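Okay, so here's the structure we're looking at.
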Amino acid sequence: MHEVNAQKMERQIEAIKIDDSSASAFQMERKVHTKINRKEIIQAKLRKSCSCTTQRLKNTVLDFFPVLRWLPKYSYKEYIWGDIMSGLVIGIILVPQAIAYSLLAGLKPIYSLYTSFFANIIYFLMGTSRHVSVGIFSLISLMVGQVVDRELLLAGFDLNDDCYAIGIATALTFLAGILMGIFRLGFVSVYLSESMLDGFATGASLTILTAQVKYLIGIKIPRSQGLGMLVMTWFNIFRNIAQANLCDVITSTICIVVLVAAKEVGDRYKHKLKFPLPTELVIIVVATLVSHYGKLNEVYGTSVSGAIPTGFIPPQVPSFNLMFRVAVDAVPLAIVSFAFTVSLSEMFAKKYAYTIRANQEMFAIAFCNIIPSFFHSFATSAALAKTLVKTSTGCETQVSSVVSAMVVLLVLLFLAPLFYSLQKCVLACIIIVSLRGALRKFKDVPQRYYLNKVDTVVWCVTMLSSALISTEVGLLVGVAVSMLSIIGRTQRPHTSLLSQIPSTVFYENDQEYENLSPVPKVKIFRFEAPLYYANKDFFVKSLYKMTGLDPTLEAARRKKQDKREKEHLQKENQATNVNGFSQADTTLHLVPKQLDFQTIIIDCSSFSFLDIPGVNTLKEILKDYGALNITILLACCTPSVIDSLKRGGYFEKDDRNMHEMLFHSIHSAVQFYIILFITTDLAHLVRSRSLPALLVYETFFPS
């Protein structure tokens with residue numbers, strides 16, 4: 001028997017080689033932090049914030065208007081031509097898009113031009129991004145249009161009532177700006193995942209496409225609202241398809257073919273073109289001339305844009321009474337506007353190696369909504385398509401935004417009446433073709449599913465809810481599903497048992513890698529999530545399943561076995577008195593079942609935090625396994641997790657036993673087990689002369 005134990009012990013020693021240098025007695029001690037006097041800190045901050053010095057006032061002004069910092073350093077020779085070229089191109093694109101997107105907002109084209117002009121000027125003064133193009137954005141226009149149509153219907157006004165419509169839009173815009181700039185609602189955008197934003201944009205694109213079909217074929221149908229809007233609109237389209245205007249259908253077909261062909265050519269040869277083809281402007285000019293001289297409105301009854309006045313309407317304070325009606329709608333509008341602006345700003349800042357200030361971006365986009373709302377403008381945001389065009393045409397700074405604003409101003413002052421005969425179907429074609437990028441996201445679904453199934457579910461749910469219910473509900477559902485997916489991932493995370501990578505101090509999942517060496521008598525358990533109230537039960541069940549031992553059931557089994565043994569012992573004692581058997585014959589019945597492990601090491605490297613239920617769970621595990629003489633060791637705990645364990649009373653009083661329960665690496669925990677348990681067995685074998693003492697010495701203290 002002793003020879004068998006000796007051979008078994010030799011195999012265990014060979015399986016785990018102890019690195020003497022890593023097994024040194026060095027112990028890491030926590031720093032003693034001085035107690036912070038929060039009262040003094042608050043007083044110091046108040047004194048600093050309330051003090052008014054010349055330098056502080058200057059810095060405040062420079063921070064609020066970043067243009068005052070970079071414009072005096074502007075290099076005209078290096079930047080001016082690129083900024084002028086990109087500004088002219090964006091201005092040329094902006095005019096037809098502004099007029100077209102007025103259909104989405106349910107407003108007259110003049111208000112879209114106002115919005116584009118003021119947004120470019122204000123962002124030039126306050127923005128920190130050098131490249132983003134702020135102005136009319138299709139998704140924002142749609143969200144404004146849905147609120148405008150709803151309020152017009154509730155108030156009993158005709159959808160063409162322009163005064164009440166712009167009143168609703170400016171009240172909504174002002175409130176959205178206030179939520180961003182004053183109440184700092186923009187922080188919510190950090191909870192908007194990329195998958196959710198993509199799904200939201202794609203679902204809204206389907207809604208935009210649906211809303212424009214009636215203009216493509218020249219029919220008049222009621223604009224649906226709320227749940228099932230997409231389905232009801234298509235139902236009304238097919239029900240009234242016989243009333244389609246042939247002139248609008250032909251015009252729409254020609255425009256879409258030309259626009260798509262031009263876009264494809266531009267995408268294919270964009271590396272050879274110095275600036276994108278102004279296809280939209282050419283289409284609008286040609287279509288306007290054909291409509292005017294062909295008298296399409298008078299002869300064929302096609303719908304046209306109508307009169308667009310020149311100049312500026314006197315400013316007006318947004319209606320505070322209307323703000324109460326649209327307060328809830330302003331929340332998603334503010335979140336989406338800020339989220340898209342900051343996302344694009346950060347993306348292009350990273351691409352061109354400079355930094356932006358997210359807080360200042362929030363103020364910039366907030367004031368791009370607040371100030372223009374007094375000048376009959378509606379909500380704005382940064383737009384990806386125009387920003388890409390801006391960078392591809394040589395933009396260097398926001399001076400290009402001033403140039404774009406001047407182009408819009410030229411139209412506002414002189415050229416606006418020339419668009420009177422422009423057909424609405426042409427504007428609808430421009431909007432629909434601009435949705436190509438968002439609608440192409442459907443082709444990426446298989447690849448997205450291959451990369452991450454959970455993100456694909458978030459994308460699909462957000463897209464469907466945005467399209468089939470409403471954009472606001474779609475945003476809310478998307479945020480909820482994103483948060484639930486995070487909770488789900490932490491509630492049922494991946495678990496595994498680890499084994500040693502041969503000849504190293506590292507350990508990995510033995511189900512994922514081959515040729516790993518299991519540590520004798522040790523189970524190393526990894527739980528890839530923080531341990532908190534929502535997943536504590538899953539943690540316990542996974543640990544029991546992985547180790548193959550439920551300590552509560554094992555304790556109950558042993559208790560029942562002890563009871564049976566006592567009863568059996570009593571019977572044997574009675575039999576001994578009768579037959580004369582010795583008590584030594586009964587001792588074999590008292591040997592408990594031997595377990596295949598003596599220690600459990602829990603890899604806590606994925607524990608970003610522990611709450612009170614999490615600490616209590618570890619304490620219960622320590623107690624339950626300790627009752628079976630199984631040691632629990634924790635490895636790779638962060639300082640915050642260690643503090644949680646201390647506060648939760650995981651260790652003994654004054655943390656005396658902490659260094660015997662807590663280790664900075666899995667390997668140090670394994671070494672502790674070897675020294676504590678195997679050496680105990682070795683001492684027994686050496687004393688019984690079943691294992692040479694020289695072998696033990698050479699193993700633990702190699703020369």
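Glycine is treated like the rest: Cβ placed from N, Cα and C.
According to TrEMBL:
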DOMAIN    512-673  domain 'STAS'
TRANSMEM  79-105  transmembrane segment
TRANSMEM  117-144  transmembrane segment
TRANSMEM  164-187  transmembrane segment
TRANSMEM  199-217  transmembrane segment
TRANSMEM  237-261  transmembrane segment
TRANSMEM  322-342  transmembrane segment
TRANSMEM  363-385  transmembrane segment
TRANSMEM  405-435  transmembrane segment
TRANSMEM  456-487  transmembrane segment
*Output the single range from 199-217, 322-342, 456-487 maximising the number of Cβ pairs under 8 Å to the transmembrane segment (79-105).*
199-217
*Where else in the chain does the transmembrane segment (322-342) make close Cβ contacts, counting only residues six or more beyond its ends and a cut-off under 8 Å?*
132, 134, 137, 139-140, 143-144, 147, 151, 167-168, 171-172, 174-177, 179-180, 185-186, 188-189, 192, 197, 200, 358, 361-362, 364-366, 369, 379-384, 471-472, 475-476
*Most CB pairs under 8 Å with the transmembrane segment (117-144): which of 164-187, 199-217, 237-261, 363-385, 456-487?*
363-385
*So, does the transmembrane segment (363-385) come close enough to the transmembrane segment (199-217) to give 3+ Cβ pairs below 8 Å, pairs being at least 6 apart in sequence?*
no
_How about the transmembrane segment (237-261) with the transmembrane segment (456-487) - do they touch, taking at least 3 C-beta pairs under 8 Å (6 or more apart in sequence) as contact?_
no
*Which value does the mean pLDDT take for the domain 'STAS' (512-673) in this predicted structure?*
84
_Six or more residues beyond either end and a Cβ under 8 Å away: which residues meet both conditions relative to the transmembrane segment (405-435)?_
87-88, 91-92, 94-104, 109-110, 113-114, 116-117, 120-121, 124, 138, 205, 208-209, 212-213, 215-218, 248, 251-252, 255-256, 259-260, 263, 280, 283-284, 287-288, 291-292, 296-297, 302-312, 385
